[in-house]
Amino acid sequence: ASVTERDPASSLPSGDCGRPRARPGGNWVTVVLGVQWGDEGKGEVAHLLAQDPMRRCQGGNNAGHTVVVHSVEYDFHLLPSGIIIPNVTAFNGNGVVIHLPGLFEEAEKNVQKGKGLEAHIVFDFHQAADGVQEQQRQEPAGKNLGTTKKGIGPVYSSKAARSGLRMCDLVSDLVGFSEMFKVPAKQYKSIHPTLEIDIEGELQKSQGNWRIITNKG
């Protein structure tokens, strides 16, 4: 986690000595990437460099950082930190995987929210499978990856296998979404027979999330 103090009235990054950075002609995109597994200060740098628009391209809620603006702390795990800066439009791209309860909790805490409709959804069974896989890795080798068990790895596996479900699937057709949901759920159950998946319970949660997202019901 990292802590940054920035004046939210400024939507342009500063160069040396706080002077606004010159912007030559043409289209410029600033990308912040890391080569470690976290604790590199990526969130801090992204917040300092945030311009309009700002996009988060990948990842889930298995990490986070804190931004301090006017002595007020904002905690981010899914939302791009630039969302709190005036005149900056923040997006979550389709590479982001979203745990809906976590998104709503974070949005409520931080007032504003952004969501990418093509982003894949993290379900409870993804998180349960993450824990099972971690245990399976540990048994033969005596060690594990140290995953946070947030379901990030399994949901990316679903995305790669083209069996994952996206935000737009939920928003556009709730009935069709309910049928589509059973496919990856049954796949994970066949891969991990000990995995307990409450299909009806998860669908009820999804219906509640649909009402919140669409402001219906």
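Using the three backbone atoms N, Cα and C, a Cβ is placed for every residue, glycine included.
A quick note: this is a predicted structure, and the numbers were derived from the prediction, not measured.
Database features (TrEMBL):
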ACT_SITE  ASP39  active site, proton acceptor
ACT_SITE  HIS65  active site, proton donor
ACT_SITE  LYS159  active site
BINDING   ASP39, GLY64  Mg(2+) binding site
BINDING   ASP39, GLU40, GLY41, LYS42, ASN62, ALA63, GLY64, HIS65, THR148, ARG162  IMP binding site
BINDING   GLY64, HIS65, THR66  GTP binding site
REGION    1-23  region 'Disordered'
In Å, rounded, how far does the Cα of the residue listed as 'active site' sit from the Cα of THR66 (GTP binding site)?
29
Between the residue listed as 'active site, proton donor' and GLY41 (IMP binding site), how many Å separate their Cα atoms?
8
What whole-number value in Å do you get for the largest C-alpha pair distance within ASP39, GLU40, GLY41, LYS42, ASN62, ALA63, GLY64, HIS65, THR148, ARG162, the residues recorded as binding IMP?
32
Pop the Cα-Cα gap between ASP39 (active site, proton acceptor) and GLY64 (Mg(2+) binding site) into the table, whole Å please.
9
Going by a 10 angstroms cut-off between Cβ atoms, which of the active-site residues HIS65, LYS159 has the sparsest surroundings?
LYS159
Counting Cβ atoms within 10 Å across all protein chains shown, which of the binding-site residues ASN62, THR66, THR148 comes out on top?
ASN62
Using Cα coordinates, what distance in whole Å links ASP39 (active site, proton acceptor) and ASN62 (IMP binding site)?
12
Any idea what the Cα distance is from GLY41 (IMP binding site) over to THR66 (GTP binding site), rounded to a whole Å?
10
Write down the Cα-Cα distance for THR66 (GTP binding site) and THR148 (IMP binding site), rounded and given in Å.
18
